[in-house]
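A.B. asks: After the structure tokens below, expect a handful of questions from me.
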Amino acid sequence: MVKSHIGSWILVLFVAMWSDVGLCKKRPKPGGGWNTGGSRYPGQGSPGGNRYPPQGGGGWGQPHGGGWGQPHGGGWGQPHGGGWGQPHGGGGWGQGGTHSQWNKPSKPKTNMKHVAGAAAAGAVVGGLGGYMLGSAMNRPLIHFGNDYEDRYYRENMYRYPNQVYYRPVDQYNNQNTFVHDCVNITVKQHTVTTTTKGENFTETDIKMMERVVEQMCITQYQRESQAYYQRGASVILFSSPPVILLISFLIFLIVG
């Protein structure tokens, strides 16, 4: 009796296991089958996915949610949601929507070498043999000894330069040679430039211009001399043996 019950239970378990295996074989795999998103070639594309996965709810002939002949949700002849001749997102002809605008010329890239070269050149003026152009100054108030010239200067001072040309101060022995060279090149350059524009200077203009430029050249020399001595003092300070020893000790403490 007991043996018959054991045999019955074994038979029931065998049938149950066989049925479960059969159901597993018949159950469709997720995303498999023809036109169900499964990959017929597992070696191509991601595992379990189709080479061309559907993008949202389209029926037969309606991939990506569009109607017949309307891929990606666009109308007839409107691929990717754009109008006729407007591919990929509704951009106008030659715009390309969200894709690259092939019809638009690319912006020129800034050449950093040119920028750095211009910054390093500073105020060096081309065509004047290494002269530099100083910063703009207010034209000085000068009295020429008589009312006529004083009035003439006030009425025409805007015609005279407010910047001077000069060389570095270390190329001169003293202030007088610097100022003399500065006045000559500045007056000459301003006269030539203004004459080419159709404006001429009288002897009175030249006299007043030389006085004005002389005062500005003296101011420019004082500025350049002060800056030159400050740079020299900094070099001497940092090149002295005690300072070098102190800096080396600090670097040793930081690195160590």
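Cβ atoms here come from the backbone N, Cα and C positions, even for glycine.
So Swiss-Prot says this about it:
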type	residues	note
BINDING	HIS64, GLY65, GLY66	Cu(2+) 1 binding site
REPEAT	71-78	repeat '3'
BINDING	HIS72, GLY73, GLY74	Cu(2+) 2 binding site
BINDING	HIS80, GLY81, GLY82	Cu(2+) 3 binding site
REPEAT	87-95	repeat '5'
BINDING	HIS88, GLY90, GLY91	Cu(2+) 4 binding site
CARBOHYD	ASN184	N-linked glycosylation site
CARBOHYD	ASN200	N-linked glycosylation site
A.B. asks: How many Å lie between the Cα of ASN200 (N-linked glycosylation site) and the Cα of ASN184 (N-linked glycosylation site)?
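C.D. replies: Cα-Cα distance, ASN200 (N-linked glycosylation site) to ASN184 (N-linked glycosylation site): 18 Å.
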A.B. asks: For ASN184 (N-linked glycosylation site), which residues of its chain lie six or more apart in sequence with Cβ-Cβ distance below 8 Å?
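C.D. replies: Those within reach of ASN184 (N-linked glycosylation site), by Cβ under 8 Å and sequence separation of 6 or more, number none.
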A.B. asks: In the three-state scheme derived from DSSP, which category covers ASN184 (N-linked glycosylation site)?
C.D. replies: helix
A.B. asks: Have a look around ASN200 (N-linked glycosylation site) and count the other CB atoms within 10 A of its CB, chains all included.
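C.D. replies: The answer is 8 other Cβ atoms.
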